[in-house]
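Taken from Swiss-Prot as is:
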type	residues	note
BINDING	LYS15, THR178, ASP179	ATP binding site
BINDING	SER59, ASP146, ASN158	substrate binding site
DOMAIN	285-363	domain 'PUA'
Amino acid sequence: MVSSVLRDARRIVVKVGSSLVTNEGRGLDEVAIGEWCRQLAALVRGQGGEPREVIMVSSGAIAEGMKRLGWSSRPGEIHELQAAAAVGQMGLAQMYETKLREQSMGSAQVLLTHADLADRERYLNARSTLLTLLRLGVVPVINENDTVVTDEIKFGDNDTLGALVANLVEADALVILTDQKGLYTADPRRDPQAQFVHEAQAGDAALEAMAGGAGSSIGKGGMITKILAAKRAAGSGASTVIAWGREPDVLLRLARGESIGTLLVAQTQKNQARKQWMVDHLQLRGSVTVDAGAAAKLREDGKSLLPIGMVAVEGDFVRGDVIAVRDAGGTEIARGLANYASAEARLLCRKPSAEFERLLGYAAEPEMVHRDNMVVLGAR
């Protein structure tokens, strides 16, 4: 199965942990980061196959900050952790920028918190930014914004962030690079009878019992956080691979279809997962009515909804809220995330995108609802 899952994946989120990035806390591992960046660049360029879109979620800011500050053990005080993150993030960003630039590849630093992805408007802004970066051929390097939040430092981990980013951009696969070969039935460092798990279903409750609390002392996450991250990623249809980050050419070989590490398979197809989320779980905040031409484009071609095709707006909603799209007869034909608030949408009805800036003073997007953020109900 791994051969088809990773070989066919076109949008991949790669998460690499603190113990790998910082060589078990001894400082940023320049050689290893350079190797991952070389592989990321090769994937983006389509070496040996189709071009891929890749996002790197990298731990290491706190660990690098500890090293720069001369601390040998992880402090318990939140403000000290935040200070370490602020110091370490400088070096982390510089290293990725340098190593990706050596591959003639652009990079972008994106710092997120879980709150950014819980708020609909900020979620939509983050998604739009990341998709634009991918379209430009830039590699986003994402980390949690540990300097300004506390819960993520105390209880969170970048395995979870990697899964949330996979949900955010509708990735085909999440690759978690760790200091372990993959998942075992027990901790192999303590149990010589532990068996390696080559493949399982993401979300299988038995996996959590297997994972236990095994993990390094440098970062916050053990294997259990990776199991839970795979379960979360599967919610949007992304399968997860857990593999040893120092395996030679691990990313390129996975992309070629080699069986490396543990594959946790998502049981829900990506499009089905998004439809279920959009249709069944998000509360409608309003609706727009469209003319016959726009309705036909949505039903038949799955096109984005442009304001020029809208004839009426109902309800009170803000950017990022879920709205229904109805035809002239009142039948709901789609629903999706609004790019404009209801008051703005009323001004944009029947207007071409060239007039948006004159009417609003700015132009966010040319679409009222982008097709990537829309579910056509007739296609359920």
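Keep in mind that glycine also has a Cβ here, set from the backbone N, Cα and C atoms.
Rounded to the nearest whole angstrom, the C-alpha distance between THR178 (ATP binding site) and ASP146 (substrate binding site) is 21. Straight-line distance linking the Cα atoms of ASP179 (ATP binding site) and ASP146 (substrate binding site), rounded to a whole number, equals 22 Å. Around the Cβ of THR178 (ATP binding site), the number of neighbouring Cβ atoms within 10 Å comes to 26. With respect to their backbone Cα atoms, ASP146 (substrate binding site) and LYS15 (ATP binding site) stand 17 Å from each other. The Cβ centroid of LYS15, THR178, ASP179 marks the ATP site; residues of that chain outside this set whose Cβ lies within 8 Å of it are VAL16, GLY17, SER19, LEU20, ILE176, LEU177, GLN180, LYS226, ILE242, TRP244, GLY245, given in sequence order. A simple Cβ count within 10 Å picks out one of the binding-site residues ASP146, ASP179 as the most packed, and that one is ASP146. Put simply, LYS15 (ATP binding site) is 7 Å from ASN158 (substrate binding site) when counted between their Cα atoms.
As a summary of secondary structure, the domain 'PUA' (285-363) carries 28 helix, 24 strand, 27 coil according to DSSP. Cβ neighbours within 10 Å of LYS15 (ATP binding site), excluding its own Cβ and spanning all shown chains: 30. For the pair SER59 (substrate binding site) and LYS15 (ATP binding site), the Cα-Cα distance reads 8 Å. According to its DSSP assignment, SER59 (substrate binding site) is coil.
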